[in-house]
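These features come from TrEMBL:
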| type | residues | note |
| --- | --- | --- |
| DOMAIN | 86-166 | domain 'Carboxymuconolactone decarboxylase-like' |
Amino acid sequence: MPSEKCSDGISYNLLFAAHNQSVFPIPFRNAYHAPVPNICEQGKKMARLTVHTLETAPEAAKARVEAVLQNNGFIPNLIGVLSNAPEALAFYQEVGKLNAANSLTAGEVEVIQIIAARTNQCGFCVAGHTKLATLKKLLSEQSVKAARALAAGEFDDAKLGALAAFTQAVMAKKGAVSDEELKAFFDAGYNQQQAVEVVMGVALATLCNYVNNLGQTEINPELQAYA
């Protein structure tokens, strides 16, 4: 799989770069279009926090929002909601850059993000990272399906399955995984640096997932097919 990762801290830049093409091959729709439990039923309720546009965004957030608009052709609703707190938007983008520069592959980064979003019931981020992993061919169809199902044993790559299991354990136990769970992660070929990087990815995902759940962020039309 390619190792290209989002390096600008805007996790959705790559996935939205192709928003004008046919976004959802029929085989993908058949494979992934199972409902994703979502704590705030995004797409069915109006957002309860302001989804800012370039015109309404606080001055401190405008430059970042404008960059997203220029890169994507539109503003993902997550960016609009994060703009309510310019420092949170900056945190998301800057930590995103660091997360993209870690030692994990781009596909491994996406496994963590999808697992975290599913665990936190954030339909927006599940859709976004499903689209990114698919359009950029970062994960196989089966691996995306397994991540969305929180089914570590169903990956077609055993190492990715071990990563998924470890990520789920980290989230379920707030980092306090058992010796056996940590050993299984290491036995799969990962190291101590990457164990910490999993926590880093979960931390980044938590910001996005919780903000979307708090705001009941609606899924952009460009993502609906991947929800």
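Backbone N, Cα and C define each Cβ position, glycine as well.
Because TrEMBL annotations are produced automatically, they should be read as predictions rather than curated entries.
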Average model confidence [pLDDT] within the domain 'Carboxymuconolactone decarboxylase-like' (86-166): 98
Counts of helix, strand and coil residues, the domain 'Carboxymuconolactone decarboxylase-like' (86-166), according to DSSP: 62 helix, 0 strand, 19 coil
